[in-house]
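**Q** Among the features that TrEMBL reports, [2Fe-2S] cluster binding site is placed at B:CYS81, B:CYS86, B:CYS122, B:CYS126.
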Amino acid sequence: MAIKERRIVYKHVDEEGYSNDIDCYIKNGGYEVQKKAFEAKPEDLRQEVLNSGLRGRGGAGFPTGMKWKFLDFKSGKPIYLVCNADESEPGTYKDRQLLYQDPHQLIEGMMISAFAIGAKQSFIYIRGEFINGARILEAAIEEARAKNLVGDNILGSDYSCDLIVHRGAGAYICGEETGLIESLEGKRGYPRIKPPYFPAALGLYMCPTIVNNVETLCQVKHIIDMGGEEFSKIGVKGDSGTHIMGVSGLVQKPGYFEIEAGACTFGELLYDGCGGPLPGRKFKAVIPGGLSMKILKWGERFKGKHPNTGEDFDWGVEDIPLDSISMGLCGTALSTGGAIIMDDSVDMLEAMANINAFYAHESCGQCTPCREGSLWMNKLSTRMTSGHGREQDVPLLLDIADQIAGRTICAHGEAAAWPVQSAVPKFKDEYLDKIKKQANGERYNPAGFPLI
Amino acid sequence: MDLSLELTEKIDKLIPRYPDKRSATLPLCHLIQEEKGYLSKESVEWIAAKLDLQPMQVWEVVTFYPMYRREPIGKVHVKVCRTLSCALRGSYKTCEKLEQALGCKRGETSHDGKFTIEFVECIADCGYAPVVQVDDKLYEKVTPDGKTDELIEKIKRMAEGESVDETPEGVKHPAFMG
C-alpha cells in the first residue's frame with residue numbers, strides 16, 4: 001500500500017518535466033501569490049501567518065506568526081530577514097530538495113515574508129557544502145530580479161529588498177539562529193545568549209531580525225495563497241500544515257514524504273512508505289526528527305490521555321501519529337522530520353559512540369559543559385566500543401550528559417545530551433552485555449556495519 | 001597578492017552588497033580559497049586589509065570553520081560522510097576502501113599530491129547514504145561493494161584531469177540531467 005501524501009511545498013519535487021528556471025515556475029502559477037500579497041497591507045499578511053498556526057520547520061517548532069509578532073518595529077532600526085538554509089541536523093535532507101529543485105518557491109516565499117515584516121534586506125544562509133545549491137539560487141535570484149520580483153521597487157510597489165546568498169563553511173553550530181547571525185556578520189559562529197539577544201530585537205548588526213527555515217518560508221507562500229484560517233484546518237490542533245518526513249537508515253526504500261500532520265502513523269511511514277525493514281531484519285530503534293531528538297525503542301509503549309481528543313491512548317512506536325503534539329506525548333519531538341531507522345543488526349553502543357563523535361566535533365567550544373562534556377562522552381563511548389569498557393562507564397555517561405543539558409548558552413548542550421539521556425536507560429542492558437562479551441574478545445554484532 | 005582580474009571584480013562588486021563590510025569575510029575566504037587552493041598568511045592579510053579588519057579577525061574565522069584550510073590539498077578532494085545515517089549503510093567501510101585505493105589516510109593527502117580524503121560530518125543527503133562528495137559533486141549510495149570501486153575509477157580519472165560526469169549533484173531530478 002502506498003502512503004497518503006499531501007504535497008504542498010513538495011508539489012513539484014521530482015515531478016517529470018519540471019525544471020528550476022523561472023519560466024517553468026511561472027508556467028505553474030509561480031509569483032502570482034507575491035503579486036497578490038504586494039497589494040495587501042503588511043500587517044494583514046502577518047496576521048494570516050499568525051492565524052495559520054504554522055510552526056517553524058527548522059527543528060524547534062516555534063510558531064512562526066509569534067516570532068514575527070515579537071519583531072521590534074518601533075526601534076527605527078532596519079529589519080532583516082534571514083533564511084536558514086544551513087540544513088545540518090543529521091538525518092535531515094528535506095531543504096536540499098527545495099533549494100535544488102524549486103528555488104523560486106523559496107524566493108517567492110521570502111519576498112512575501114520580507115514585505116510582510118518590512119525587511120530592508122534579506123539573506124539566504126546556505127551551508128557551505130551546497131555549492132551547486134548556492135549557484136542555482138544565485139541564478140534564480142538574477143532571473144527574478146530581471147522580472148522585477150526582487151530588488152528595487154518590486155512590482156512597482158515602492159518596496160525594495162535585495163536578496164543575498166551567503167555560504168557557510170561547514171560548521172553545524174551555524175544552524176542555531178544566533179550562531180548563524182554571528183557567522184553572517186563575518187565572525188565565528190558562537191551563539192549569543194538570550195536574553196538579551198533575541199534576534200527579533202537584537203539580531204543581525206544588533207537590528208531586529210527574523211531567521212526562518214527554508215520549508216517555513218516556502219509554507220508562507222501557501223498560507224497567503226489559501227488564507228491563514230484555511231491553512232490552519234490542515235493537520236491537527238496545535239500543529240497545522242504538513243511535515244516532510246525524510247527517512248534514512250535501515251529500511252528498504254529510504255525517501256521523503258510530505259504528509260498532513262497527524263494523517264498517518266510512524267508504522268505506516270516505515271512500512272507503506274519505506275517498504276519495512278531490510279530482508280530478515282526487525283526494527284530496533286528510531287530517532288524521529290534529526291539526530292539530537294530522543295531515541296525511541298521498538299516495542300516500548302506510550303500511554304496517557306491525548307490533549308486534542310481527550311481520549312486515552314496506548315501506542316507502540318508504530319502507532320504514533322506523525323504530528324508534533326503526539327510525538328511530544330511520547331517524550332520526543334518530530335522536529336525536522338529527519339527520521340533515522342535502526343534494525344536488529346545495529347550495535348546500539350556503536351550507534352551511541354557515532355552520535356557522541358558528531359557532537360564532540362561540532363561543539364563550538366564557547367561553554368565549558370558542552371565543550372568538555374561532549375568530548376568526554378565521545379572518549380568514553382569510543383572506549384566502551386573498543387573492548388576497554390567498564391560497567392561503571394554506563395552510569396558515568398549518563399551523569400556527564402545530565403551535567404550538560406540546561407547549562408549552556410544554546411541548545412547544542414541539549415542536542416548533545418538528549419541522545420545519551422534517552423538511549424542509556426533504554427539500552428543499558430545491551431551496553432552492559434556488550435562490555436562483558438567484548439572483554440571476552442567477541443565482536444558484539446557482526447552482522448551490522450561498523451559505526452565508529 | 002596576485003588574483004585574477006575576474007575575481008578582483010567579483011570581490012569589489014560583492015563587498016558593497018553587505019550593510020557591513022565584515023560580513024564579506026566568509027565569502028572572501030571561499031573565493032580566494034577556490035582560486036588559490038588554500039588560505040595562506042598572505043591571503044588572510046589581504047582579506048583583512050580589504051575589509052578594514054585586523055588579520056586576527058580573519059584568522060579566527062579561518063581556524064573555526066572546517067571548510068577552510070591553511071595548507072594545499074590534493075588535486076581531487078574526497079569527502080566521505082561519517083555521521084549515523086551514512087555509517088548505518090557502510091560509510092566506514094567505504095572510507096577504508098577509498099583510503100586503500102587512493103593511498104592516503106583520512107585527513108591526509110597522498111604522496112603524489114593527487115588525492116585528499118576527509119571523513120566529514122553529515123552533508124544532508126541522508127536518504128541516499130552512504131554519500132561521498134568529490135570536489136563539488138555528490139555521489140550517492142556509494143556502498144562499500146562495487147559502487148565504491150566504480151567511484152574509485154572515476155576519482156582516478158579526475159586526477160588525470162578528465163571530466164567524468166557532466167551532471168552536477170542532485171542527479172535524480174530531470175532538471176539536472178544536463
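Placement of Cβ uses the backbone N, Cα and C atoms for every residue, glycine included.
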**Q** Name the secondary structure element type, per DSSP in three states, that contains B:CYS122 ([2Fe-2S] cluster binding site).
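**A** Reduced to three states, the DSSP call for B:CYS122 ([2Fe-2S] cluster binding site) is coil.
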**Q** Whose Cβ, among the binding-site residues B:CYS122, B:CYS126, has more other Cβ atoms within 10 Å than any of the rest?
**A** B:CYS126
**Q** When you measure from the Cβ of B:CYS81 ([2Fe-2S] cluster binding site), which residues in the chain that are at least 6 apart have a Cβ under 8 Å away?
**A** B:SER91, B:VAL120, B:GLU121, B:CYS122, B:ILE123, B:ASP125, B:ALA129, B:PRO130, B:VAL131, B:VAL132, B:GLN133
**Q** Using a Cβ-Cβ cut-off under 8 angstroms and a sequence gap of six or more, which residues of the chain neighbour B:CYS86 ([2Fe-2S] cluster binding site)?
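**A** Long-range Cβ contacts: B:VAL80, B:CYS122, B:CYS126, B:ALA129, B:PRO130, B:VAL131.
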